[in-house]
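Peer 1: Features from TrEMBL:
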- Cys49, Asp51, His102, Cys105: Zn(2+) binding site (BINDING)
Amino acid sequence: MNATEALSRLKEGNERFVTARSNDGDISSELREKTTKFGQQPYAVVISCSDSRVVPEHIFMTGIAELFVIRVAGNIVTDTQLASVVYAADHLKSPLVVVMGHTHCGAIDSTIKHAGHGCLCALTDPIAEAIGEETDDRTACKLNVEAGVSALKANAAVKGLIDAGVEVVGAIYDIETGKVEFL
């Protein structure tokens, strides 16, 4: 599967989610056994927020071993997330990487309100750098996603993967409607 096919599959899954059609993602014991024996080959990597309302496997109506999900508050892209992306794209052959923010993000709200202190600065500092003085939630979310995409594309290892056909895209999930907008 190439990146275009992977993106189309994500869009189709999100449409099923938005319209509340059933999940046809495979979660069978047979698939668990198969992936245990032969490994995983997820068709997309998704960096998303750890917000409990943002569950990529549900949002895209996927089953076991279809997505390689990296969850961190504020969907920030730091060294750990970069390493996970490189692992998934290089070793697992995932052709698509999605940095997905969401509306009403608490980490972005905390950053806008300058509420990050102590260990929270590890989350809010990268967001603050991405959004600057922006105070609108949706605009800040988009700026943060764009910063994550840029950070990935600026990484030498990711550049090599892009040259080999991996695509990196941004997206915003609307927690009210369930719809994902790909940027």
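For all residues, glycine too, the Cβ spot is worked out from N, Cα and C.
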Peer 1: Enumerate the residues of the same chain, Cys49, Asp51, His102, Cys105 excluded, that satisfy the criterion Cβ within 8 A of the mean position of the Cβ atoms of the recorded Zn(2+) site; list them in sequence order.
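Peer 2: Sorted by sequence, the hits are Ser48, Ser50, Arg53, Val54, Ala73, Gly74, Asn75, Gly101, Thr103, His104, Gly106, Ala107, Ile108, Tyr173, Ile175.
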Peer 1: Within 10 Å of the Cβ of Cys49 (Zn(2+) binding site), how many other Cβ atoms can be counted across all chains shown?
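Peer 2: Neighbour count, Cβ to Cβ under the 10 Å cut-off: 25.
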Peer 1: Which number gives the other C-beta atoms within 10 angstroms of the C-beta of Asp51 (Zn(2+) binding site), all protein chains shown included?
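Peer 2: So the number of other Cβ atoms within 10 Å of Asp51 (Zn(2+) binding site) is 18.
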